[in-house]
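Data first, discussion second: the structure below is written as structure tokens.
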């Protein structure tokens, strides 16, 4: 059919047919393997070389380790020690946020970074616990199991949720389903993270005010009710101590932002606060005056926790749901942070490979008394500013945490909880990206609504509700883009064969008798009916305008198909129906710039034959020029007789 079309003088040839399996294989590859991850393996000759290439793919450290230098080690040593000073107090703080024993926060900063150093592709990501995931675990698990009444079961469920999260994350990477995370848009993440940060800050009012009992709900109404219903239990000692350390942390952050070379001041501030707070409590015996302290921390490395995982009813489904939701959030944060710093240093990271690495470290972590970890922005930013060169900085941090677990845990006995609350509040204030929200408002109001919906859903509902609202709004927007694609009228730019939008270019002019429409989306079953009605409405509006101005009515409808990447059977049927409708009204449909996939579908469905090969043109300029030539020559077959008519018009 394609050959006959070319023989008849078709301006846009029909591509040769490809076997279905070849087409299917190509589409499958572009969907799941767009980065062609195994090209380095296939290029190698010999089984040994291919095996080594495959190992380098799954264990990126094999790429940089052989060429590792002493200079790089010095940089990684400084970065590793710096992020360790931040990881230790944050680990303890975030474990309390998840309603878990503080020691689990240190455990989670020991094993997972070692796994990531072997399998991660980012040079800058610093692995550890994160506030949002900790809050999610705490809120979702505590809704059914009390962390105070049944702490052992609660901890086991947290480890089980981490296991499920790791399996889910690694599965996404192995099955090449990383594009699922992309449904969490930038606007969604800004709103969700801002809402979660707000909720976390409100939750820390318990520690700042020295309250013993507090609501397990995360919405702002419940938290405020819990705070102001216990005003008689507020302790001024906690308020003064907490506000003092919070002020100190914010000042150090301000200094580091104003002077990036002094990043270490902000990085060391949390550990400094812990040390100062512990010394102050020890010297003044403040624990006897209402200041709550961490208490005893078990000395030693991570104990195995394989037997602690809960794979039996009735709580397995709770752990599974918690693991999947927290796993998606942790993936989105880790990959987004990794890509951001990779862009700064001009290198690429593999999203699917990152999923495998993050998933594996969480599976291994769940078996060694660690709860959910990923790459938090604050710690990774410190790692980046400290001048890290490779993932070895994670190993250095892990070794520092190991020494802490072996020898230094008794020193944290007198650490006041109010200092941990101040550390969390300081870190969370950096996650509220109000400037990003303002930017969304100026650039895209719909994206701002997505951001606001996520924020309000988290703050006034729960973290899960906010996530559902944000994803629902994002998916609705995608569906609207597909179901209601944009169509615009094009006009001719003076003294040229270029056609541009009339609503954008004031100098663009319409061609009497010819209506040029541009379709800005693929034509699918979801939008075929809408496009037919919208095109007919454009025609009616143009007819009314022409009648009012005493101009020639529409004789030709030129559809610019340049932005139509694909079409299904509903789309071809729509063009068939449109052709018949226009014929009854004495009009001719003309196609301009259709792609190869469009030509294949139109040819296979016989729609191309119905429209006529002579009414298909490679450019809008040629299509309009030929139509205009026919109108002025008054010969219905002029296009067929003179296929180069557009040249005379130009």
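Cβ from N, Cα, C; glycine included.
For 504-627, the entry in TrEMBL reads domain 'STAS'. In this model, the domain 'STAS' (504-627) carries an average pLDDT of 90.
Per TrEMBL, the feature transmembrane segment maps to 125-141 (among others).
Look at TrEMBL and you will find 153-177 (among others) tagged as transmembrane segment. Residues 32-33, 98-101, 104, 137, 141-142, 145-147, 305, 308-311, 315-316, 318-320, 322-324, 326-328, 330-331, 351-367, 369-372 of the same chain, all 6+ positions outside the transmembrane segment (153-177), place their C-beta atoms under 8 angstroms from a C-beta of that stretch.
Long-range contacts of the transmembrane segment (183-202) within its own chain (CB-CB distance under 8 A, at least 6 residues past either end) are made by residues 97, 131-132, 135-136, 218-220, 223-224, 328-329, 332-333, 336, 424-425, 428-429, 431-434, 436-437, 440, 444, 447-448, 450-459, 463, 466-467, 470-471, 473-475. What TrEMBL records for 183-202 (among others) is transmembrane segment.
TrEMBL lists 234-255 (among others) with the feature transmembrane segment.
What TrEMBL records for 262-283 (among others) is transmembrane segment.
Annotation source TrEMBL lists transmembrane segment at 315-336 (among others). Here the transmembrane segment (315-336) has Cβ contacts under 8 Å with residues 125, 130, 132-133, 136-137, 140-141, 144-145, 153, 157, 160-169, 172, 178, 180-181, 184, 189, 192-193, 349, 351, 354-355, 358-359, 362, 372-377, 464, 467 of the same chain, all six or more residues outside its ends.
For the transmembrane segment (356-378), same-chain residues at least 6 beyond its ends with a Cβ under 8 Å from one of its own Cβ atoms are 58, 86, 90, 95, 98, 100, 104, 107-113, 115-116, 119-122, 125-131, 133-134, 137, 158-163, 165-174, 302-306, 308-309, 326-327, 330-331, 333-334, 337-338, 427, 430-431. Positions annotated as transmembrane segment by TrEMBL: 356-378 (among others).
The list of residues near the transmembrane segment (390-408) in space but at least 6 beyond its ends in sequence, with Cβ under 8 angstroms from a Cβ of it, reads 60-61, 64, 68, 72-73, 76-77, 79-81, 83-84, 87-88, 91, 106-107, 109-111, 113-114, 116-117, 120, 122-123, 125-127, 299-302, 383. For 390-408 (among others), the entry in TrEMBL reads transmembrane segment.
For 415-432 (among others), the entry in TrEMBL reads transmembrane segment. Residues 89-90, 92-94, 96-97, 131-132, 193-194, 196-198, 200-201, 204, 206-208, 210, 238, 241-242, 245-246, 249-250, 253, 270, 273-274, 277-278, 280-281, 286-287, 291-294, 377-378 of the same chain, all 6+ positions outside the transmembrane segment (415-432), place their C-beta atoms under 8 angstroms from a C-beta of that stretch.
Proximity of distant same-chain residues to the transmembrane segment (452-476), defined by a Cβ-Cβ separation under 8 Å and at least 6 residues beyond the stretch ends, is recorded for 132, 135-136, 139-140, 183-185, 187-188, 190-192, 194-196, 198-199, 217-221, 325, 329, 437. Positions annotated as transmembrane segment by TrEMBL: 452-476 (among others).
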Residue list, the transmembrane segment (262-283) vs rest of chain: Cβ under 8 Å, 6 or more residues beyond ends. 82-83, 85-86, 88-90, 92-93, 241, 245, 248-249, 252-253, 255-256, 291, 293, 382, 385-386, 411-416, 418-420, 422-423, 426
